[in-house]
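Visitor: The structure's right below; bear with me while I get my questions together.
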Amino acid sequence: MGNCPTCSSEYVSKSLDPVCNGTRMWTTFLFSSLVVLFTGSIIICISEAFQKLSSKWRTRHPTRTKNVRHLQSPRHESPDNDDDITTIHEFNRLNEIKNWQNNFISGQTILGKIFLTAAQNKRYFWFSLYSLVDIFTIPPSLMTMYLNRSWTGFRFLRAIPIMIIPDILQYMYVIKQPRTIRISQLASKFIAILFVTGGFVHLAENSGDFFCNFCNAQEIDVFNSVYYMIITMTTVGYGDISCKTYIGKSFVLLTLIGGLAVFTTMIPEFSSLFRSKDPYASRYHRVKGKRHVIICGHITPHSLAAFLRDFLHQGRDEVDELEVVIMDKKTPDIEMEALLKRYYTKLQYFVGSIMNVVDLQRIQVNKATACLIIANKECADPNSDDSANIMRVISLKNFNHHIRILLQLLRYHNKLNVVSIPGWSTDNDEIICISELKLGLIGMSCVAPGFATMMTNIFRMSSYDARKSQQMTQIWPWRDLYYRGAGMKLYLEEMPSSFYGKSFVETALICFKLHVMLLAVEMERSDENDLARMIVNVIPCDNCIILPGSRAFIVCMSNEEANRVKYYCSICYPVLDNLTESQLKQMRKCSHEEINVKLEEEIPIRTQPFDFSENEHAIVRISDTNVTQPLLSSQFEQIHSSCKNCYKTLSKEDISSFDSTGMFYFTPPRNIEDAILDTNVLREYRSEFPEQRFAHEETMPSKHPLYFQDHIIVCLHADDTSPTIGLRNFVLPLRASSFRRHELPTIIFVTDLCYIRREWDMLSTFPDIYILNGSPINPYNLKLISIHDCRQCVIMSTVDRGNLDTYLVDKSSVLCALTIRQIQMKRVGLLSQYSLTGRGRVNQYITGTKLLRQNWINTLTTLTIDSNVQYVEQGHTDEVDLQFFLTTPFASGTAFADSVLDCILSCAYYNVNAVNLLRNILVGGIDVELEDILAEGKRFTQCKSPEMFQKRKRARVALVAICNLIPDIDTRSDPVTFSSLFCISLEYHRMVVMGIYRLLDVLLKRDPNWKGNQSINDQKRIVIYYPPYDYHMDRTDMVYVMQHSHLEDD
């Protein structure tokens, strides 16, 4: 070899290693490793060739092999295939070796090389990275003992196995968390690269270039070599150390190219892993004196913002001592982080899974007050989402048997899977079925339009502060009047001893004088098993009196007003008519409570209905402005007979009209073909008699009605692949036995026949239900079933749930609403005016308003995404940024969104029986037989016992025109106020007046901010719940009333 041109002659003659005696034997050490490498390769190739030849020979001579095997082991039966024997023996041998291999967590020993025999691909194993490390390090070590000489060589390659340290730690259960495992993997890889590259620089610089006769070597230790590679790959380069050999310089150049690529990918991942430690991967630390509630399930910024706005409202009693802990597997995005900052004093977010026990320990589930599980209302597969939430319940109950769980489910039939979970308590835990409540509210809105708006506003928490001067006047901006009613809240308060022994009517009147509204009473009753249960009575009958331990469901503006019921004392306030607002605010708990408690021992049980005319010492006296003139119409007869004695035996025909629970009307199961409307017959009837309706209906033979009036149309967008939504929950309020038979409206489903077949088994026992097979967007289909004469048209959709664009999820419902609007405008001729004439908006409004009023179609559009309400009714551009419950479509009861149901979940946490209250209003209460039928998906059966008929007598909701209650409202000298209407309705008719349904144009005429030249919809009404006491009624108003049903005339 030649000398390096950069080295002097003196340096060339100098030897850095005197022991070498001028002779270097590094090639001998390197050659030993190469011999082992190639020898092993040859042996592996020979063994593989031998195995192939042996396999071919066995396949060519199978009989001879069998005979030999039989001679060797005659007592054992041999398999039919010798390959199976070989495979079994080979499999057993490999398993024994692998089991023995588990005793070695490192393969760097000589015994560890036995792993080669257990490898499936021996050639790949021989040339693997860790095998090459052993080949180039172990043979040179053996040559050191033989030659009695040492060579630095490739000993630095022993640093490569550092990368398997994370695997060893996992094997020993030292590290378990994914984040810790990933950090250890990156750290071991980083250290291994530094030591290997530093070791090569150490070898190259201390040895010198072999092609320069090793004349350019320099002494450098291992520490400085690693230090040099660190400052080089981090591009710092202080210059205090540098490579002098050409091999070292070339290696550094190649290392920079690959090392920079490796480190630029590792460092960002390092930073993200360390940054994610706080606060989402930490442990929840409970604050002394505070309770925490866990929220999990479907967590998105949209769903969580609406829920937290109601759950953490300042009007809640316990919100100050409550903290919310959210656990989800997703790391919060920017929108979620903004929401967390908004509630940073009340909210903590943790990344994890409810199914993981370690994560449950992190958020201290064993000390949590409750866990709320939110369902994904936008999912395409409801059953899959319910199954995931049920698994979360199992995990929670398995970890903490006593934790209270409030669970949202999308489908009713999945309730059965929850009730059977060990630890589930029907008294403490609650299941909130989205389809049951949603379809029930929509169905009740067909009985009383706007009812869903009114009830969801009661369950939702909102704030409204009315001006004192405004309370005493009739000048209300219509939005403020609606906001005031929407600001009412539901409270559950203990009833003091002053109410004990009083009837519901007396109690409701007292509460009304305290400026709160009583909806229901929670009382303790014994069930069929003689077990004490809390029963919610909505507008109970007259023989129901208030007992000790009863609690009242009241609606009022604030918690201070709700406390008036709790602090009421009949001794301190013998007369309530003259109490001022300041006196009501000063009500506090008095010292007469002990005196009243002593009077509880003997409470007279009233057997006759309460009669105010015979009671000279009535606490509440009603003074109407004109007492000589009756406030209510005589057609609403006063009820004097006790509800307990109003039962009478029915004939068999009457009993056969009801189901086995006595709560709904029944008809023998019908085939779906008997309910399908014949479009050809309807088309022929409409073409022959386009205007005359009933006169010629009998001349055309048909098994179905040809003309419909005051019916309900359900425009259901679905196909054969759509999941079922449980339409029976929609029909139940419309077929309640609390109504009379002639009050039941006909229901027509306009949908795909393949879809309705899957739902028909649950609908076949209800009377007067028909199906029109076709698209709801086709206007001709809607005209065939007389959409202009319908009571209500409901628009629902189960398609487009999997659409990635959330604005397109409700496209079918929006298009159907526009189609109905087109039908309405085309009927009165406004569509041609708008499209063909050049008249302005004012002229169009003046010419068409009367026709629109006569041909108005009441619609209710259900939405999945509440922001899509802007497309349902165009023209409300100022409502784009408003919350859904403040928009005009929701205030008028023409739109409903799934997001408003989240308020029921939060209300159920604070009021234990709030969901039972809503179920009582929708379907008449909780019945064991009814729960089994609905949960198991069974049909209703016919009523067999007349005793079930007593269940007909329950609370019912109605929307009554005030002109029917007060025919002479226009001729009265003094206006009728809401206070007088409420008191007289409750006293003489046992009806609780909940609110009014007023025309928008009447509200706008009293709105000081309204401009008279603005066009309005004359038929649109606004739901106003619990208006001010002195607010004047209008002759066009409709009144929401709730009354205990008295059906003696049936």
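Any Cβ shown, glycine's included, is placed from N, Cα and C.
What TrEMBL says about a protein is an automatic prediction, not a curated fact.
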Visitor: Scan 186-205, 986-1005 against TrEMBL and say which stretch is down as transmembrane segment.
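Guide: In TrEMBL, the transmembrane segment feature sits at 186-205.
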Visitor: With pairs restricted to those 6 or more apart in sequence, evaluate whether the transmembrane segment (186-205) and the transmembrane segment (250-267) have 3+ C-beta pairs under 8 Å.
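Guide: Yes, these stretches are in contact.
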Visitor: Taking the transmembrane segment (124-147) as reference, which of 25-50, 153-174, 225-243, 250-267 has the most Cβ pairs under 8 angstroms?
Guide: 25-50
Visitor: Cβ under 8 Å, sequence separation of at least 6 from the ends of the transmembrane segment (225-243): give me the contacting residues as numbers and ranges.
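Guide: For the transmembrane segment (225-243), the sequence-distant neighbours (Cβ-Cβ under 8 Å, at least 6 residues beyond its ends) are 194-195, 197-199, 201-202, 204-205, 249, 252, 255-256, 259-260, 263.
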Visitor: Give the nonlocal contacts of the transmembrane segment (153-174) in its own chain as ranges (CB under 8 Å, at least six residues past its ends).
Guide: 26, 29-30, 33, 105-106, 108, 129-130, 132-133, 136-137, 140, 181, 184-185, 188-189, 191-192, 195-196, 198-200, 202-203
Visitor: Averaged over the domain 'RCK N-terminal' (290-432), what pLDDT does the predicted model reach?
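Guide: For the domain 'RCK N-terminal' (290-432), the model's average pLDDT rounds to 91.
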Visitor: Treating G and I as helix alongside H, and B as strand alongside E, what does DSSP give for the domain 'RCK N-terminal' (290-432) in helix, strand and coil?
Guide: 58 helix, 33 strand, 52 coil
